[in-house]
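Chemist: Pasting the feature list from TrEMBL:
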TRANSMEM  7-24  transmembrane segment
TRANSMEM  30-48  transmembrane segment
TRANSMEM  60-85  transmembrane segment
TRANSMEM  147-165  transmembrane segment
TRANSMEM  198-223  transmembrane segment
TRANSMEM  229-258  transmembrane segment
TRANSMEM  265-289  transmembrane segment
TRANSMEM  309-329  transmembrane segment
């Protein structure tokens, strides 16, 4: 009876928290801060464990890592912001070039202008591109405003991340108390396996993204494509998404190169294709290894599901979620049956 009452109380608490989370913006903001802090701590955890193994105190190692991360972010911001502003100052000119390019195409297909459907299709395309470009500009402005408004909340994130890092074992033990004693050992081992697999996957993806960003910048800089910093960062981020990511990341660079000349666009396609071959055959197998043992067909289906529910963010998160579910399924089968 006591066990049933305990589970009923836990279920009611979960329902109350879910209700408050859904209807309270303040609670959602707090959750986002805590969740972001947890992700940062989780990414730093393998490095923290390594320093502890080398004899450093866990709390001191946590402080060193967070100071290092904050210094790296500040350094990147100080270096990248001026370059991005410089590149971004020419975006309006590029927008005009895009629209002029579309007008040239329209002149070359005059036969379509005699039909109402062709004319309608052209203006729909024109308006769609204009809407996308204006939307990107507005999103950047809104993001800058939100960062300014939430600067205090952002400053709290390293503090919370520190406690997640330094007291991870204690937090884990407190979490296990919620479960029945006979289940705790199984849940503990399952959490350890999730931690091992997910840590390996996350670190591999971050290293891969960083290397692809650097290599893309080298290719675009060598080919003299405009906005190499922004485009290389986009390609590195998109490459976190398996299979579809390289395509998403290459398209903006090819479009920008096309505004210069078809020849430059062709060389950009060739350069990024060679880069993709190097990534797929050399870099990715070496870095990722066996971190995700999932059939390619299932990965593609999962990516389509992730895109449907969460766009690019959904496509990035769906694979780690699948890794977690896969480990839970395998461990429960192994430990319980």
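Glycine residues also receive a Cβ, built from the backbone N, Cα and C atoms like all the rest.
A quick note: this is a predicted structure, and the numbers were derived from the prediction, not measured.
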Chemist: Six or more residues beyond either end and a Cβ under 8 Å away: which residues meet both conditions relative to the transmembrane segment (309-329)?
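Modeler: For the transmembrane segment (309-329), the far contacts come to 190, 193-194, 197-198, 201-202, 238, 240-242, 244-245, 248, 292-294, 298-299, 302-303.
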Chemist: Under 8 Å between C-beta atoms and at least six residues away from its ends: which parts of the chain pack against the transmembrane segment (30-48)?
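Modeler: For the transmembrane segment (30-48), the far contacts come to 21, 58, 61-62, 65-66, 69, 153, 156-158, 160-162, 164-165, 168, 195, 198-199, 202-203, 206.
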